[in-house]
């Protein structure tokens, strides 16, 4: 699942990324 997903983020954020403020960010904090 996508942690923090919102409508501004593409579905690819679900794959190893999460959504933060409309942008995809690494779940590892990079």
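Note that Cβ sites are derived from N, Cα and C of the backbone, with glycine treated the same way.
What Swiss-Prot says about this protein:
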- 2-14: disulfide bond (DISULFID)
- 9-19: disulfide bond (DISULFID)
- 13-24: disulfide bond (DISULFID)
- 10: 4-hydroxyproline (MOD_RES)
- 11: 4-hydroxyproline (MOD_RES)
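DSSP classifies residue 24 (disulfide bond) as strand under the three-state reduction. You'll find the Cα of residue 24 (disulfide bond) roughly 7 Å from the Cα of residue 9 (disulfide bond). Between the disulfide-bonded residues 9, 24, the minimum number of other C-beta atoms within 10 Å of a residue's C-beta occurs at 24.
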